[in-house]
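Pulled from TrEMBL:
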- 29: active site (ACT_SITE)
- 77: active site, proton acceptor (ACT_SITE)
- 29, 216: Mg(2+) binding site (BINDING)
- 30-34, 42, 46, 74-76, 78, 80, 197, 203-205: substrate binding site (BINDING)
């Protein structure tokens, strides 16, 4: 990072703590497109993307963001060429090994959501080592979505609930939104306040479908390998300026009449 970027005061420094998002989710898009623009192989985009992961985790830890969830590998990504998938698995294993000491130094707790199917045993072992080692950490929770799909998560939750009904542990009339949330991969985690997507795409790509019902969306044209600390700060600054109504009314004017109409 340049000297200017590290020393210049960013507007985020003046934002009250209560205006910060507690949970940030990121769809890390554009690795391949970035590489192609640079005349490099697609896999080089994934390699460079790890630098952005490192920078984002470090900044979230510094800003004391409660949770950061990164969309690392979707259940649809298995359709990619085998050599690219092999490289992604290698990067994941390498990240778990090489970043372990930094994760501990930053007091970051690691969690992983998604299905384990298809993930090589040695990669799973390194994932589990990092999860276990960081379990007692009390800083930012880093949740990595690997072989994750929002619809698959809902299917797994519904099957688990149906099994509970079949076994008599649960009555159908007692099933609530809370019941479903408790059976998702993310049980015990707060819903994202802010969802960031890179590479300018305006879609959520089967990511945290249940959890992002009231998330604020922020999209940047930057590809993921270009994403750095200052980009994250820009997203947080924008988030802090928004009026979150959760389906209710905006702030009322002095006469008691809504200053603006109700919104989503």
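Every residue gets a Cβ built from N, Cα and C, even glycine.
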Query raised in the report: Counting other CB atoms within 10 A of each CB, which of the recorded positions 29, 216 comes out lowest?
Result: 216
Report summary line: One should report the C-alpha separation between residue 77 (active site, proton acceptor) and residue 216 (Mg(2+) binding site), rounded to whole angstrom, as 25
**Report entry** residue 197 (substrate binding site) - helix vs strand vs coil (DSSP)
**Finding:** strand
Query raised in the report: C-alpha of residue 34 (substrate binding site) to C-alpha of residue 216 (Mg(2+) binding site): distance in Å?
Result: 26
Report summary line: Within 10 Å, the Cβ with the most other Cβ atoms among the recorded positions 75, 77 is that of 75
Query - DSSP three-state assignment for residue 29 (active site) - result: coil
Query raised in the report: What residue among the binding-site residues 30, 32 has the most other CB atoms lying within 10 A of its CB?
Result: 30
Query raised in the report: Can you check what DSSP calls residue 204 (substrate binding site), collapsed to helix, strand or coil?
Result: coil
Query - Which of 34, 78, the listed binding-site residues, has fewest other Cβ atoms within 10 Å - result: 78
Query raised in the report: At the Cα level, what's the spacing in Å between residue 30 (substrate binding site) and residue 216 (Mg(2+) binding site), rounded?
Result: 21
Requested in this report: Using C-alpha atoms only, work out the spacing between residue 75 (substrate binding site) and the residue listed as 'active site' and round it to an integer in Å.
Outcome: 15
Query raised in the report: What Cα-Cα separation, expressed in whole Å, is found between residue 204 (substrate binding site) and residue 29 (active site)?
Result: 11
